[in-house]
Amino acid sequence: MDGVNDAANHTVESVPGRPSTASAPLEAGRRSPTGSRLYPRVTSFRSRRGALTPNQQGAWDRMWPRIGREVGDEPLDADAWFGRQAPLVIEIGCGTGTATAAMAAAEPHVNLIGIEVYQPGLAQLVQRIERDGIDNIRLLRGDAVDVLEHMIAAESLTGVRVFFPDPWPKARHHKRRLLQPATVALIAGRLRPGGVLHVATDHAGYAEHIAAVGAAEPLLVGLNEATGGDDERARTLAPIGLDRPVTKFEDKAHRAGSAITEFVWGKIE
């Protein structure tokens, strides 16, 4: 793959998990020979622990060796992993996989990789994949920024989905938000021309932040209404489906009176 950091033209502090140059003069993303980090990482996700149920563990043991991997530094050969050439989509923070499974089942011609750090959530998705016989999902456990930097080649993705990322509402935590300028630039560099970045949030403050960051990225153009385009035109131009199932989380947000803001940007061709 190409040189692994499309964020090189941005300050490293704007990428979640990357310290400022003042606190860490080492090259962003540099690791020790053993693969461990040479500095503490500020991540965009919260640490959570949880044990798998016996049924989840059984499904995990049967399925994970084939459909799952830990995030690493080696470039990913998605065609070999899926056993076919097909449009490649990644979903960052797939959680328990309700939307992941539904959208993959609706698009059997698409190869979909879900990325998540929380094993019990992944285990629920693994169970669903096994139960429903879904064959076009693969899973990566770990940090999505590492995936984008080290495992995904430039201009290889047809789509990137980020549904309801943690808004980190407190001002002092805004640096932890996933969708920062450098991260969006990294995503844009991994999208093929015509590929789409599809984002949804129920947090008004984060929506304003996301809108500004997306509008400032020169490789992206707004397709739907929230990004200055037209919803119907977005559906026509997008190379992947934009319809999401309403998850329990989203339904709870609706009942709490939170508005859902959806963004669709396309990579310039």
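For all residues, glycine too, the Cβ spot is worked out from N, Cα and C.
Sequence annotations record features per position, and here Swiss-Prot assigns region 'Disordered' to 1-38. Residues or ranges marked as S-adenosyl-L-methionine binding site by Swiss-Prot on the basis of sequence analysis: E91, E116, D143, D166. According to Swiss-Prot, the active site annotation covers D166, on the basis of similarity to another entry. The substrate binding site feature in Swiss-Prot is assigned to K170, D202, T247, K248, F249, E250.
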**OP:** Rounding to the nearest whole angstrom, report the longest C-alpha distance spanning E91, E116, D143, D166, listed for S-adenosyl-L-methionine.
**Re:** 14
**OP:** Among K170, D202, T247, K248, F249, E250, the annotated substrate contacts, find the widest CA pair distance and round it to a whole Å.
**Re:** 25
Subject >> Whole-number Å value for how far T247 (substrate binding site) lies from D166 (S-adenosyl-L-methionine binding site) (Cα to Cα) >> reply: 16
**OP:** Fill in the CA-CA distance, E116 (S-adenosyl-L-methionine binding site) to T247 (substrate binding site), as an integer in Å.
**Re:** 17
Original post:
Reduced to three states, what secondary structure does DSSP give D143 (S-adenosyl-L-methionine binding site)?
Top reply: coil
Original post:
What does DSSP assign E250 (substrate binding site), in three states?
Top reply: helix
**OP:** To the nearest whole angstrom, state the Cα distance for the pair F249 (substrate binding site) and E91 (S-adenosyl-L-methionine binding site).
**Re:** 17
**OP:** Based on Cβ atoms within 10 Å, give me the single least packed residue among the binding-site residues E91, D143, D166.
**Re:** D166
Subject >> Intrachain C-beta neighbours of D202 (substrate binding site), sequence separation six or more, cut-off 8 angstroms >> reply: F164, E250, A253, S258, A259, I260, T261
